[in-house]
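Novice: Here's a structure for you.
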Amino acid sequence: MSETTRTNEENKLPLNGRRAIPPNYSNDEENEVPEMEAFGLVPRGFNPRDYLRVVDIYMFKEPQEINKQEHHTDKYYNPKLIVRRGQAFQIQIDFNRPYQPQSDQFWLEFLMGRYPQQNKGTYIPIPVGSALKPGQWGAKVIHRENNSIRLSIMSSATCIIGKFRLYVAVLTPYGILRTRRNSATDTYILFNPWCQLDAVYLDDEKEREEYVLNDVGIVFHGNVEDVKSRSWSYGQFEENVLDACLFLMDKAELELSGRGNPIKICRVASAVINSRDDDGVIAGSWNNSYDYGVAPSAWTGSVDILLEYYSSKQPVRYGQCWVFAGVFNTFLRCLGIPARLITNYSSAHDNNANLRMDFFLDDEGKVDTRLTKDSVWNYHCWNEAWMTRPDLPVGFGGWQVVDGTPQETSDGMYRCGPASVQAIKHGHVCFQFDAPFVYAEVNSDIFYTRMEKNGTQVVENIDTTRIGQLIVTKEVGGDGMMDITEEYKFREGSDEERLALETAVMYGVKKQSIQDTTYQPQTDVDMDFQAQKAVLGNDFKVTITFRNKSRNSYTATTYFSGNIVFYTGVPKSEFKKHSFSAKLEPSSSSSFDVVIKSSEYMRDLLEQASFHFFVTARINETGKILAVQKAVMLEIPTLQIKTKGELVAGKEMSVIVEFTNPLKQTLENVTLRLEGPGMLRTIKKQFGRIQMNSTLTWEVKFTPMRAGLRKLIASLNSDALRHVYGELNVQIQKP
């Protein structure tokens with residue numbers, strides 16, 4: 001067998017009766033590109049050196065040069081050229097002699113993946129013409145000098161995003177001569193929110209700076225009465241993060257040809273961010289034990305997680321909703337899709353999407369934990385990504401909900417979105433993807449239902465205002481909170497709200513109307529309760545207040561139940577039971593205090609120091625039941641961060657992190673983390689223990705390389721105490 005037939009057989013594609021070429025979903029794999037592609041027999045005297053030959057290609061890829069400056073990619077810590085689609089960039093080609101447009105013919109080729117094809121957008125030949133058309137591939141010469149030419153190249157506003165290989169091809173009478181494979185000319189093409197023809201175009205410069213270029217964000221947590229915030233480092237420009245984000249699309253097996261479409265990218269990413277069913281990036285854990293991994297509360301940002309996954313290819317342990325959302329936000333911003341992290345307070349996790357959260361009461365009016373399956377999360381974080389929705393009717397583009405936290409399956413996988421926020425607000429939940437689930441998260445009602453001995457259900461109380469009562473994100477250009485509840489729902493009780501609900505029900509959201517149930521609430525008595533602000537480890541009191549608006553005297557048998565819960569609202573243990581009889585005088589208010597001692601709750605406390613209180617009261621004269629539930633969070637002490645020495649780029653500086661143990665116990669297995677996006681990669685230090693009331697001090701020396709306003713973020717984690725954070729803004733001066 002001759003040498004040529006053998007190589008031909010080796011290069012043949014694996015035989016597959018279903019498709020001509022194997023699936024093409026790896027941005028990393030490459031094909032061999034011939035340097036000389038002959039048109040037939042080549043005469044003996046042919047010498048490629050006689051023709052126009054490329055000596056060098058210069059990409060203008062330094063952060064301070066024209067391409068990265070004009071394309072807003074100068075912050076990426078990556079030596080290769082990174083440009084955004086639909087916008088011109090420049091390269092310079094040095095030939096072996098002056099270029100003569102009349103007789104010389106050359107073109108550029110951009111290739112991606114192992115099986116490049118022109119109709120799939122993975123092989124892009126670009127001839128040199130006289131003018132560029134907006135949003136279409138093309139190239140023109142803008143400067144000629146000696147043996148060099150400078151080209152302006154326009155990419156298509158819909159081209160696929162990822163890493164392309166660049167070749168220059170020269171036409172000779174006997175064949176095509178190509179440049180050698182040179183990874184230094186590889187070009188990353190990303191989404192372009194600055195380009196009007198791009199599906200992710202965002203028209204406000206301040207918003208683009210926030211939602212694409214800001215590499216630090218704020219996660220709002222806590223609960224609706226007690227909003228807490230902490231910083232999160234997205235780090236989308238850090239070294240290797242861009243490659244890690246492209247790898248996620250390979251891992252999700254998204255065909256290269258589909259990678260120009262932000263809808264597809266968001267949908268597959270929402271599945272691959274969690275490890276359920278596809279060994280994705282983060283393994284979730286909500287059970288308060290984090291063996292062989294990092295507690296979700298200890299992470300300070302996304303970079304460590306993405307880079308660990310990129311190198312190990314194994315799910316990183318562990319995450320909860322804000323970790324999934326933080327990493328998802330990094331992925332989206334890194335690829336150029338505008339994105340923001342959202343927190344929904346009192347978020348319904350409704351197991352059967354019927355807009356009804358059922359809390360079952362027993363005969364006495366206490367909550368029956370055996371029968372109650374639905375849970376109200378103190379808060380839940382998801383993301384919004386900005387894009388047009390050509391697959392939906394006009395008006396449903398803009399912000400889209402995407403959620404990487406594994407809650408329920410969608411088309412067989414744990415993923416959620418993109419769902420149009422506008423469609424959710426107006427009840428048009430028929431529009432893909434997963435709008436009914438998100439609609440239920442922000443619009444469910446809480447039903448308190450008593451089970452009679454014969455099995456009939458009596459609805460005792462309905463709370464229509466608690467779920468989704470506050471939806472927030474970080475404000476543009478600052479660290480404050482922006483209330484975006486009105487983007488998801490109309491005002492409670494308005495005509496528009498009722499119309500949106502009727503629309504949602506028409507499109508198949510299940511809702512039992514209140515008329516179907518025998519429900520006559522007690523309307524002339526109100527009950528509420530308030531908890532005193534309390535620091536972890538201290539006693540505090542809660543006050544239950546009745547307002548009797550009638551002219552009758554009533555007595556109320558009141559049950560008070562305090563539960564230690566996960567932030568998802570799932571109870572771990574009941575630590576306080578208390579019942580009393582309250583006398584309610586006509587037309588007056590009366591208050592009753594219940595004291596909660598630290599000795600009652602410290603032993604079982606979970607990491608977010610979060611309680612759930614149920615109060616139910618039966619009015620003895622009428623047999624009616626009042627019910628109210630509230631989440632309460634204790635104040636967790638913070639870390640103090642300060643700096644020492646001059647804060648100048650290129651000079652060594654010191655950061656000091658301090659923490660005083662406030663608990664009446666020793667903290668074991670203490671770990672500190674410190675990170676400064678764009679300034680300091682995450683460093684960890686383990687401390688054995690901190691005695692009660694003693695102070696730990698940790699000094700870190702490092703040299704910041706870039707001037708500007710930066711943020712230091714620290715976290716402390718231990719067996720008994722988690723969710724301890726500290727942060728500090730630092731202004732690094734120019735040398």
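Using N, Cα and C of the backbone, Cβ positions are placed for all residues, glycine too.
Bear in mind that TrEMBL entries carry predicted annotations, made automatically and left uncurated.
Per TrEMBL, the features are:
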- 1-26: region 'Disordered' (REGION)
- 1-12: compositional bias 'Basic and acidic residues' (COMPBIAS)
- C321: active site (ACT_SITE)
- H380: active site (ACT_SITE)
- D403: active site (ACT_SITE)
- N443, D445, E492, E497: Ca(2+) binding site (BINDING)
Novice: Relative to the Cα of H380 (active site), which of the recorded positions C321, D403, D445, E492 has the closest Cα?
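Specialist: Out of the listed candidates, the nearest Cα belongs to C321.
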Novice: Out of these binding-site residues, D445, E492, E497, which one has the fewest other C-beta atoms within 10 Å of its own C-beta?
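Specialist: Output over binding-site residues D445, E492, E497: least Cβ neighbours within 10 Å is E492.
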Novice: Validating a neighbour-count step here. Other CB atoms within 10 A of the CB of C321 (active site): how many?
Specialist: 27
Novice: Name them in sequence order: residues not among N443, D445, E492, E497 whose Cβ is within 8 Å of the mean position of the Cβ atoms defining the Ca(2+) site.
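Specialist: Same chain, not in N443, D445, E492, E497, Cβ within 8 Å: T464, T465, I467, G468, K489, G493, L501.
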Novice: Between H380, D403, N443, which of the recorded positions has the fewest other CB atoms within 10 angstroms in the structure shown?
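Specialist: Among the recorded positions H380, D403, N443, the sparsest Cβ neighbourhood within 10 Å belongs to N443.
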Novice: Take the C-alpha atoms of N443 (Ca(2+) binding site) and D403 (active site) and report the distance between them in angstrom, rounded.
Specialist: 17
Novice: Reported as an integer number of Å, what is the Cα distance between E492 (Ca(2+) binding site) and C321 (active site)?
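Specialist: Here the two Cα atoms lie 27 Å apart.
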Novice: Between the Cα atoms of D445 (Ca(2+) binding site) and C321 (active site), find the distance and write it as a whole number of Å.
Specialist: 22
Novice: Measuring Cα to Cα, how far is C321 (active site) from D403 (active site) in Å?
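Specialist: Just about 9 Å between their Cα atoms.
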Novice: Any idea what the Cα distance is from D403 (active site) over to E497 (Ca(2+) binding site), rounded to a whole Å?
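Specialist: Cα to Cα, D403 (active site) and E497 (Ca(2+) binding site) are separated by 24 Å.
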